[in-house]
Amino acid sequence: GDILDDYLRTDGVWILTRNKQFYKTNNEKECADKCEAERNFTCRAFLFTRKKLQCLTLTENAKMAVTFSSMDTVLYEKRIYLMECKRGIGTDYRGTEAKTQRGIPCQKWAEKIPHKPNYTPEKYPSAGLEENYCRNPDADESGPWCYTTDPAVRFDYCAIPECEDQVTHTGEGECMQCNGEDYHGEVSRTESGLECQSWDAQEPHMHGFILKHYPEKDLKMNFCRNPDGELRPWCFTTNPNKRWEYCNIPRCTTPPPVSGLDSQCLSGKGEDYRGRIATTESGNDCQHWNTQFPHKHGWIPNRYPCKGLEENYCRNPNGEKKPWCYTTSSSIRWEYCTIPPCDRTEQWIAGMNNVPLQVPLTEECYQGKGQSYRGTTSVTASGKKCQAWSSMFPHSHIKTPDRFPDADLRDNYCRNPDGDSSPWCFTTDPNTIWEYCDLKRCDDHTQE
């Protein structure tokens, strides 16, 4: 597997940490190799800056240190150090529980008072004997333990929950079809073992997923849900340093029920459209969904098995106003498609040969700093969807249409209301406040 599969990725985050090492690397995988080979300290995470190609290996992760926003940075945390549950007898447990099952604080592994230890960091360097955290260096069948700070009790076991217990297969609701949009189970811990924040709470994380705004999404208690079309169910966590995380919901073994809504025409937003139109409204051919050229993207067919991402057909996997596709033109990332409406399909087809299609081409470049840009691009340079300017979710801001009446802050189109270096937008990713847009200057014809 990919070395990065062992890490949890968070965009736009920086960590303040004491122990770190700087390296020059070309990509994230090379940086992960540096973390694995780190000998100056235990490497729990690394930071990679995309512009400078700088790699920082870190001894602390977001659970242990202060974090703040940093636009160009990607944080990768080793999953094993985020797990607060044990697999099997817990020899690989690297969580931060530091008291016994009876509540007695643990003695530090490197100290000799009140108990002289047989297991020390020097003797067992790969056993994770840090601080006074519960560990299982001798593969004890009863699980992680520690020496205690009570002179009368040499050692005791720790109450570490089983990872397997976090997903209870007690009914059909405990597995998910598709991407879990209809999951109604009761799993309430994330994949690294963090407890979920209740949907009706705004502590420790403020958010806009409120039951009255999403009545059909079943946002009950603190159960994992997928209200926004993510890869799988997720939740906000009760850890102030980790805003949200995916949950470990198994995929159902039975195939999803056939909806019978494989429409060949446009009804509503066209999310059920499964026709074979593969050109955009301005006549560009669509890029195949299973390719990453000329445009890199995240809508990979096997990740979204129920979205109908076949061939290069126009689809609407993300709730846009109508079906769309990435184009085969390197200068136009994506465009909407013209799909015949269901209520007048025959008239529409009959008239197509007589009425010329007159759709203005989207502005895909900007002059100067882009303050005059009035195109309809609504995707950032890294492929994130833009937040609507009139919306306060997921990011609250003051760049509103009424405060900047001359900036044309319509819908979620990229704009430059504040004289920045190029058009930008707030993103729909809760972890990334804003980014510059996927646009180039009109007088710049160079291709990356």
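The first residue you see is number 1, and the count goes up from there.
Placement of Cβ uses the backbone N, Cα and C atoms for every residue, glycine included.
Just so you know, TrEMBL annotations are computer predictions that nobody has curated.
Mean model confidence for the domain 'Apple' (1-80) is a pLDDT of 86. Annotated domain 'Apple' per TrEMBL: 1-80, in sequence order.
Helix, strand and coil counts under DSSP for the domain 'Kringle' (84-163) come to 1 helix, 13 strand, 66 coil. According to TrEMBL, the domain 'Kringle' annotation covers 84-163 (among others).
Annotation source TrEMBL lists domain 'Kringle' at 174-252 (among others). Secondary structure of the domain 'Kringle' (174-252), assigned with DSSP and counted as helix (H, G, I), strand (E, B) and coil, comes to 4 helix, 13 strand, 62 coil.
What TrEMBL lists as disulfide bond is CYS175-CYS252 (among others).
Cβ neighbour count for CYS235 (disulfide bond) (all protein chains, 10 Å cutoff from its Cβ): 26. The disulfide bond annotation in TrEMBL covers CYS196-CYS235 (among others).
The disulfide bond feature in TrEMBL is assigned to CYS224-CYS247 (among others). Same-chain residues at least 6 positions away in sequence with a Cβ under 8 Å from that of CYS224 (disulfide bond) are, in sequence order, GLY180, TYR183, GLY185, VAL187, SER188, THR190, CYS196, PRO233, TRP234, CYS235, CYS247, ILE249.
The annotation domain 'Kringle' is assigned in TrEMBL to 264-342 (among others).
The annotation disulfide bond is assigned in TrEMBL to CYS265-CYS342 (among others). Within 10 Å of the Cβ of CYS342 (disulfide bond) there are 15 other Cβ atoms, across all protein chains.
The Cβ neighbour count for CYS286 (disulfide bond), using a 10 Å radius and every protein chain shown, is 22. Feature annotation from TrEMBL assigns disulfide bond to CYS286-CYS325 (among others).
Annotation comment: TrEMBL describes CYS314-CYS337 (among others) as disulfide bond. Sequence-distant contacts of CYS337 (disulfide bond), defined by Cβ-Cβ distance under 8 angstroms and a gap of at least six in the same chain, are ILE277, THR279, THR280, GLU281, CYS286, CYS314, LYS322, PRO323, TRP324, CYS325.
As annotated by TrEMBL, domain 'Kringle' applies to 364-442 (among others).
Per TrEMBL, disulfide bond is recorded for CYS365-CYS442 (among others).
Neighbours of CYS386 (disulfide bond), defined as other CB atoms within 10 A of its CB across all chains, total 22. The disulfide bond annotation in TrEMBL covers CYS386-CYS425 (among others).
Residues within less than 8 Å, Cβ to Cβ, of CYS414 (disulfide bond) and separated from it by at least 6 positions along the same chain comprise GLY370, TYR373, GLY375, THR377, SER378, VAL379, CYS386, PRO423, TRP424, CYS425, CYS437, LEU439. According to TrEMBL, the feature disulfide bond maps to CYS414-CYS437 (among others).
Around the Cβ of CYS265 (disulfide bond), the number of neighbouring Cβ atoms within 10 Å comes to 16.
Across 174-252, 264-342, 364-442, the stretch most heavily in contact with the domain 'Apple' (1-80), judged by Cβ pairs under 8 Å, is 364-442. For the domain 'Kringle' (264-342), DSSP puts the residue distribution at 4 helix, 14 strand, 61 coil. In space, CYS265 is the closest of the disulfide-bonded residues CYS265, CYS342, CYS365, CYS442 to CYS175 (disulfide bond), judged by Cα positions. Here the candidates are the disulfide-bonded residues CYS252, CYS265, CYS342, and by Cα distance the one nearest CYS442 (disulfide bond) turns out to be CYS265. Taking the C-alpha atom of CYS365 (disulfide bond) as reference, the shortest distance to any of the disulfide-bonded residues CYS252, CYS265, CYS342 belongs to CYS265. Taking the disulfide-bonded residues CYS252, CYS325, CYS425 in turn, the residue surrounded by the fewest other Cβ atoms inside 10 Å of its Cβ turns out to be CYS252.
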